[in-house]
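J.: I am attaching a structure below and will ask some questions about it afterwards.
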Amino acid sequence: MASERTGSHIIGYGTLTAVWIALLALTALTVWVALNAPGIGHVWGSLAIAAAKGGLVIAFFMHMRYEGRLLRWLLFVALLTLAIFIGLTFFDVLYR
Amino acid sequence: MKPTDQTPPPAASFWNDTGRSGITAWLFSTDHKRIGLLYFFSVFGFFLVGVVLGLLLRIELMAPGRTIMGPQTYNALFTVHGVVMVFLFIIPGFQGSFGNLIMPIQIGARDVAFPRLNLFSWWLYMGGAAIILTSLFTGGGPPDTGWTFYLPFSSRTGTNVSLAVFGVFIVGFSSIATGVNFVTTIHRLRAEGMTWGRLPLFVWSLYATAWVQILATPILGITLVLIIAERLLGTGLFDPSRGGDPLMYQHLFWIYSHPAVYIMILPAMGVISDIIPVFARKPIFGYKMIAFSSLAIAAAGSLVWGHHMFTSGMSDTAILVFSFLTFVVAIPSAIKVFNWVSTLYRGSISLEAPMLFSLSFILLFSIGGLTGLIQGAAATDIHVHDTQFVVGHFHYVIFGGSGFAFFAAMHYWLPKFYGRRYAEKPAIIAWALMFVGFNILYFSMIVLGLEGMPRRYYDYLPEFAPLNLLSTIGSWILAAGLVLLLVNLFRGLRSGERVGSNPWGGATLEWSIPTPPPTENFEEEPVVSHGPYDFRGAGIP
């Protein structure tokens, strides 16, 4: 199985450190957006940054970047479900 | 409970071959059949607790004013009744008990994919249940919020909401673990020849349910953590005076809890799809469409949660969207009903207890489903929202549907594991009592709701008194039938007539192995060469 072949992938310290620094920088950016973005922009900005941070954690710290197609599909199904849930909720939030 | 009489079960039976002795042979067993029985007696025990609480509620409502309890006790009792019945009985009920007992055998496997995780699921379930029960007797006493834990009330009440919510949180992990286990098992452990087109429809329903468990239950977990955060940290997430939104709680709660209704009903539909062809002596009508409709119900049913919120102040756009989606779910549900009825058409119908409970399911679930559409249409929902109509509707779906299917499964499958069966005549009398009592009890509620009686009210106007009295009398008839069912079934399983490997003439794999099943189910790995409802060659008694 592809996932078994790639499951033992070892990520170098350099990559892990770079991801960590990127996460810290994105956290700082979240604070900046919360204080400076106009109107509803801080919500969209914060959501976008949170998604980027989640993507980095899943791809590198949780090894999804090195996994097989099946696991990627499973993740996609879960994310799609979550996106649909959030999208349907916005039929209420945006039009209330 | 173990069958007791002069002739013990065969030495190879799972009752004997354990490697452990005493209670540890059960509490630490990784055999799916033993775990299935652990679940069965656990969930059924909680069901009986819920029944007693429900009877007490009905006695209180028998006449206007105080009858046997005060208003605070009434609030606590309907909350605990709901929490016990929903989270400790019917959500884990089918997957944990009959899913564990039957599914691995039906797909030709020796066990589930992760037997230890399976046992851990049961321990999580029992741990969560213990925490919920502890919450009743500690802190500020039993929660009084209703099983929905709606904010802002649940963040302000002095009752022991936090601990009860934490217990439900733990039970949720058990549900997720079972879902992961079942999806993996059905994908990876099917016997040779057991193609997707040959899976019994009970397995298809468990598969669809497992996906709902995996995808929706984490949202319940997050929601419950937010209640605790609101109570302990005062986060204000749902408090409008601090920028929060109380409707957001309702969205989060129902994103899980409406799909949870399908966790409760989908396996029940699977049971009915397995029983009806056997007792109609005919292959199932529309196999592919029934299998597909399980997936369609799981998918579409996950998108309709907003219909619980039509009167909450949600936007009109959202009401329109959720109302439309609610009507969409009716389509696959109706596909199942029409296919069951078509299976019965010109069948050689044998009216034994499992079949009688299954036929009742079709009628009661249809009444439940159609009353659901009245609430799915926003205009009519405004009139019946938060009335006894909703209570009647919900019990028609969940008790008349899932509950009666559970009783059907008990009569159909438990003899396989005990090697003995119940007496038929008392079983039919019990079914008749339950069917009559059920309809008196809950149809009265539907009428009361249409007349305007609110739900969750301790007291009511005098004009509602006659139907409330009738409803309570119905609850006693139902309870009498349930007692007879239990005495007859469990006495039969202990010392009733012996049954062979295939007492009903079924064609699914569980009927091809000895009764009771051996520890590893199959002496040799089976090779499947026909469909689950191909009765040619099945030993009809």
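For all residues, glycine too, the Cβ spot is worked out from N, Cα and C.
Note: TrEMBL annotation is automatic and uncurated.
Sharing the feature lines straight out of TrEMBL:
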DOMAIN    B:20-529  domain 'Cytochrome oxidase subunit I profile'
TRANSMEM  B:37-57  transmembrane segment
TRANSMEM  B:77-102  transmembrane segment
TRANSMEM  B:122-141  transmembrane segment
TRANSMEM  B:161-183  transmembrane segment
TRANSMEM  B:204-229  transmembrane segment
TRANSMEM  B:249-272  transmembrane segment
TRANSMEM  B:284-305  transmembrane segment
TRANSMEM  B:317-341  transmembrane segment
TRANSMEM  B:353-374  transmembrane segment
TRANSMEM  B:394-414  transmembrane segment
TRANSMEM  B:426-449  transmembrane segment
TRANSMEM  B:469-490  transmembrane segment
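For the listed features, I'd like the structural context: burial, neighbours, distances.
T.: In the predicted model, the domain 'Cytochrome oxidase subunit I profile' (B:20-529) shows an average pLDDT of 94.
Non-local neighbours of the transmembrane segment (B:77-102) in the same chain are 32-33, 35-37, 39-40, 42-44, 46-47, 49-50, 53-54, 56-57, 60, 69, 112, 118, 121-122, 125, 128-129, 132, 136, 142-148, 164, 168, 171, 174-175, 178-179, 182, 202, 206, 209-210, 213, 260, 263-264, 267-268, 270-271, 398, 402-403, 405-406, 409, 413, 417, 456, 510; each lies 6+ residues outside the stretch with a CB under 8 Å from one of its CB atoms.
Panel annotation: around the transmembrane segment (B:122-141), residues 35, 38-39, 42, 46, 76, 80, 83-84, 87-88, 92, 96, 157-164, 166-174, 177 of the same chain, lying at least six beyond its termini, place a Cβ under 8 Å from a Cβ of the stretch.
For the transmembrane segment (B:204-229), the list of distant contacts is 94-95, 99, 103, 149, 151, 154-155, 161-162, 165-166, 168-169, 172-173, 175-176, 178-180, 182-183, 186, 235, 237-238, 249, 252-253, 255-257, 259-260, 262-263, 266-267, 269-271, 273, 290-291, 294-295, 297-298, 301-302: same-chain residues at least six beyond its ends, Cβ to Cβ under 8 Å.
Within the chain, the transmembrane segment (B:394-414) has long-range Cβ neighbours (under 8 A, six or more residues past its boundaries) at 85, 90, 93-94, 98, 101-102, 261, 264-265, 267-269, 271-272, 274-275, 352-355, 357-358, 360-361, 363-365, 367-369, 371-372, 422, 427, 431, 434, 438, 441-442, 445-446, 485, 489, 493, 504, 510.
Tertiary neighbourhood of the transmembrane segment (B:469-490): same-chain residues 1, 51, 54-55, 58-59, 61-63, 407, 410-411, 414, 422-423, 426-427, 429-442, 444-445, 448, selected by CB-CB distance under 8 Å and a gap of 6+ residues from either end.
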J.: What same-chain residues lie close to the transmembrane segment (B:317-341): Cβ under 8 Å, and 6 or more beyond its ends?
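T.: Contacts with the transmembrane segment (B:317-341): 269, 272-273, 276, 284-286, 289-290, 292-294, 296-297, 300-301, 303-307, 309-310, 362, 365-366, 369, 372-373, 376-378.
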J.: Could you give the residue numbers and ranges of same-chain residues that sit at least 6 residues beyond the transmembrane segment (B:284-305) on either side and whose C-beta is under 8 angstroms from one of its C-beta atoms?
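T.: For the transmembrane segment (B:284-305), the nonlocal Cβ contacts are 197, 199, 201, 204-205, 207-209, 211-212, 215-216, 251, 254-255, 257-259, 261-262, 266, 269-270, 273, 276-277, 322, 325-326, 328-329, 331-333, 335-336, 338-340, 342-343, 345, 376, 531, 533.
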